[in-house]
């Protein structure tokens, strides 16, 4: 107010200055309450975030290895029972048993060895007999293509299910339904009793059934496959209500990137037209094959797939391709060696589940005479029920580029002449591929999200660059995108501030690692500006920003390199220089077309609780360890063995006879011997004490003295436990050791000297490590584990009684 009165502050700026003063007062109050805030200006947050990113990635790698290690530790080591079946099948040279027989007779141990199984519903019914195995978790993928009756048998084998699918993509095939419908009686009798609601048989797929039954749902909004938003934009608008999160691409107008349209002067041959095989377009097929040959020379590091609208056109493509590969060794090398992902030619009905870096689409349908216009609004399966769902599958197969070959203009399609949605969606897709414009284009370069971002954008413009605030779609916007000064349609750097978008992220992983990783994976150069650094060291941050822009400009002088699934696959490079691969450095600004398989195969299923407890209840048994830490270590290197029996050897320096020694001294010797050899028979205990005194024979008086000493030891606070004629420590009673007596002689090999608790523990261990086992085989295996080479009647009876 004083500044206003004396004229130092204009009235128009009073409100802004008041808000600034209030904010500064709150900041100073916070600094007084939290002195550690004063350290913020001196804190190198870039180094701190860099350390976090490094440790986070190391933690993920360490977790992968930990899961593999723990799975290896729980690998069954038995040689009998179910494990005997498995080892026998592994050792066979011929005449292997059917998989179903193995799963019926050794399913539990197969699951211990391979806890994660990837199977189709038909394979489950064929190979897994009911009751042979049960799963903690079942994940049903592509659930829109699985009928309820096919999935229910799999669901019955699991305790929990996760169903993943897309109702906007292909349903299960209806071929057999049409055959059944021809014979079905469609008459409806109103007097027939009907259930209150739809049954499983009424549902199209297991995904439909789960939705109808009200299972909890969550939409997976992140679209991970397409590296260019244009590849999925029509699907996002038509099928998903623009709810998919599509990170923006730094390449806005690159001719080798995104969705492209190619018009060819093709002719569609109908029956009796004399223009070729019925239902094909040879001219269009030849254009597609020429594009494949061009791809083999220009983009060998990008995987390739070809999709036709009909099977007839797919067959024509294959025929033309086989002829061309004989004349073109580069194309032949691409088809023979393939790379990380083989080249495929498929029709639209069979492409769901496939993806490639580059997809070439042959519509096939078109004018029926040279130079003519499209007359028939017939596009094969696109005109049928669910044709738009087939298109949605097709639209989402490409990662880097999709080229559509058609023999007509998009405007030639008249959706008003057909009743289905497919032709209308096709027209919109072709129009977008040709023009790059949708009816409702998503705007980019909106206003800044905060005054901080406005200030940063202004500083970038002052450095001579064009800056667009809020680049991208509503699901994923970059705070400020800096345009490349020499390459129209290409962004140079993504500048991110710690503004509203940064603070909306809940987790540090999302804020400081994932977002940057996603952008860098798409080819962006990333630069972070912290608000505290900007406010306290503005000049320094502007200089750092200028250096980052210049470095990005130099690194992308030849463009952004596109890396695909075949990059580094070991295939010899074909002749000819890759147009895209030659336009940038591999180290920076990469656009990785490979799937992220970093977490594949690392999630092991939880074992049955009883099995886990039994296997972990014997800490004295050494866990199996792979020599090189590899979890694929051969099964025949794993064997169930027990540690050798260890005798106690206490020494007594006394001229007294054992029975003349003080009872307390004998009680101490008892505790010392039991700690090493327990559980131990009283007679063996007396022999150890007699030997400790240098005597050879146990007499009645020595036996009585030992019995008295055991009584004293049992009454001690940290005393021993007695079970019949056997003495042990409490820990040994809770988890009895299992010991190999094969190197022992004398009385230790008598059946009467075997502690029943040790026999029971050995049998439990064999069951845990071998699975289901016959009683007689269990007796023999227990004797072998305890070190007995011959099974006499007394030993067999002792083992049977302990096991029972």
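Backbone N, Cα and C define each Cβ position, glycine as well.
Straight from TrEMBL, the features:
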type     : residues : note
DOMAIN   : 134-174  : domain 'DNA2/NAM7 helicase helicase'
DOMAIN   : 211-405  : domain 'DNA2/NAM7 helicase-like C-terminal'
DOMAIN   : 452-549  : domain 'Restriction endonuclease type II-like'
REGION   : 563-598  : region 'Disordered'
COMPBIAS : 574-598  : compositional bias 'Basic and acidic residues'
DOMAIN   : 658-703  : domain 'DUF3320'
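Sequence-distant contacts of the domain 'DNA2/NAM7 helicase helicase' (134-174), counting only residues of its own chain at least 6 positions beyond either end whose CB sits under 8 Å from a CB of the stretch, comprise 117, 121-122, 124-125, 128, 200-201, 203-211, 215, 220, 235, 239-240, 349, 352-353, 386, 389-390, 392-393, 605-606, 608. Secondary structure by DSSP for the domain 'DNA2/NAM7 helicase helicase' (134-174): 11 helix, 8 strand, 22 coil. For the domain 'Restriction endonuclease type II-like' (452-549), the DSSP-based tally of helix, strand and coil residues reads 48 helix, 27 strand, 23 coil. The helix, strand and coil residue counts that DSSP assigns across the domain 'DUF3320' (658-703) are 33 helix, 2 strand, 11 coil.
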